[in-house]
Amino acid sequence: MKEFRGERGLGTLLAPGFGAAAALGRWGCKGRREGGGGMTGRVAGYDCCGGFGNVDIYQVARWEHKTRKLSRAFGSPYVACYCLGTTVLLLNFLRSHCFTQAMLRQPKMERLDCLEAYYVGLVILGIGIIFVLSSFHALGFIGTYLGDYFGILKEARVTKFPFNVLDNPMYWGSTANYLGWSIMNASPTGLMLTIIVALTYTVAIVFEEPFTEEIYRQKALKSKKNK
């Protein structure tokens, strides 16, 4: 992210996207995976994510920035931020589980079902993991999970790796993880879901960056007044 903190690795749990991609996954592919009975990718998407599809973490964070009610309720902005961040992590684990279930319950794509494609996917997955973990290390837990919305602002812009080679490295690293995992499993469903994830992150960037820029603009104005 170009500003003082990096982007969030939040994304959105999209139940309709899981269902649509799972339905499209049958196109141009061969038979189902072993053990493909039971809950299909479509059902996995709706059942696992449907209840959380409308949870908007950013709306909660903006509400907190405006009212500070979470900070008051928890007695500290740090405790409140850690609680919200933990919730985000749990939802991300659920999303990844739904992603994998939707992918594994659908047929493989013949063109990707080879050793060469597997290793290509493995490399992409490895690159994604590097970007995600290095972003988290550079920002810390609070910097990653909406700390600035709780009034916990960084003093200086984060410019070290991976932010010196890529804007929004956590978002795109996460996207690379999904892409690599999909290729490794020769899954057209996974590829469709990866596109949805990438579009979701793109929308998040469009809405998040201006709001965060305004937070730091207000911080700069207050600093000037206090001098």
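Each residue, glycine too, has its Cβ placed from N, Cα and C.
Small disclaimer: the values here were computed from a predicted structure and weren't measured.
As written in TrEMBL, here are the features:
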BINDING   GLY126, ILE127, GLY128, GLU208, GLU209  S-adenosyl-L-methionine binding site
TOPO_DOM  1-34  topological domain 'Lumenal'
TOPO_DOM  62-73  topological domain 'Lumenal'
TOPO_DOM  95-121  topological domain 'Cytoplasmic'
TOPO_DOM  143-185  topological domain 'Lumenal'
TOPO_DOM  207-227  topological domain 'Cytoplasmic'
TRANSMEM  75-94  transmembrane segment
TRANSMEM  115-139  transmembrane segment
TRANSMEM  189-207  transmembrane segment
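Sequence features annotated in TrEMBL and their locations in the structure.
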{"residue": "GLY126", "record": "S-adenosyl-L-methionine binding site", "CB count, 10 Å": "13"}
{"residue": "ILE127", "record": "S-adenosyl-L-methionine binding site", "CB count, 10 Å": "16"}
{"residue": "GLY128", "record": "S-adenosyl-L-methionine binding site", "CB count, 10 Å": "22"}
{"residue": "GLU208", "record": "S-adenosyl-L-methionine binding site", "CB count, 10 Å": "23"}
{"residue": "GLU209", "record": "S-adenosyl-L-methionine binding site", "CB count, 10 Å": "16"}
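Residues 80, 83-84, 149-151, 211, 215 of the same chain lie 6+ residues outside the topological domain 'Lumenal' (62-73) yet bring a C-beta within less than 8 angstroms of a C-beta in it. Taking Cβ pairs closer than 8 Å, the topological domain 'Lumenal' (143-185) reaches residues 1-9, 11, 57-58, 61-62, 64-65, 68, 70-71, 77-78, 80-82, 84-85, 88-89, 99-100, 103-104, 108, 112, 117-118, 120-132, 134-136, 191, 193-194, 197-198, 201, 204-205, 212, 215-216, 219 in its own chain, all 6 or more past its ends. Remote same-chain residues near the transmembrane segment (115-139) are listed as 5-6, 9, 158, 160-163, 166, 169-170, 172-186 (criterion: CB distance under 8 Å, separation of at least six residues from the stretch ends). Within the model, the topological domain 'Lumenal' (143-185) carries an average pLDDT of 89. Largest CA to CA distance in the S-adenosyl-L-methionine binding set (GLY126, ILE127, GLY128, GLU208, GLU209): 27 Å, whole number.
DSSP assignment over the topological domain 'Lumenal' (143-185) gives 22 helix, 0 strand, 21 coil.
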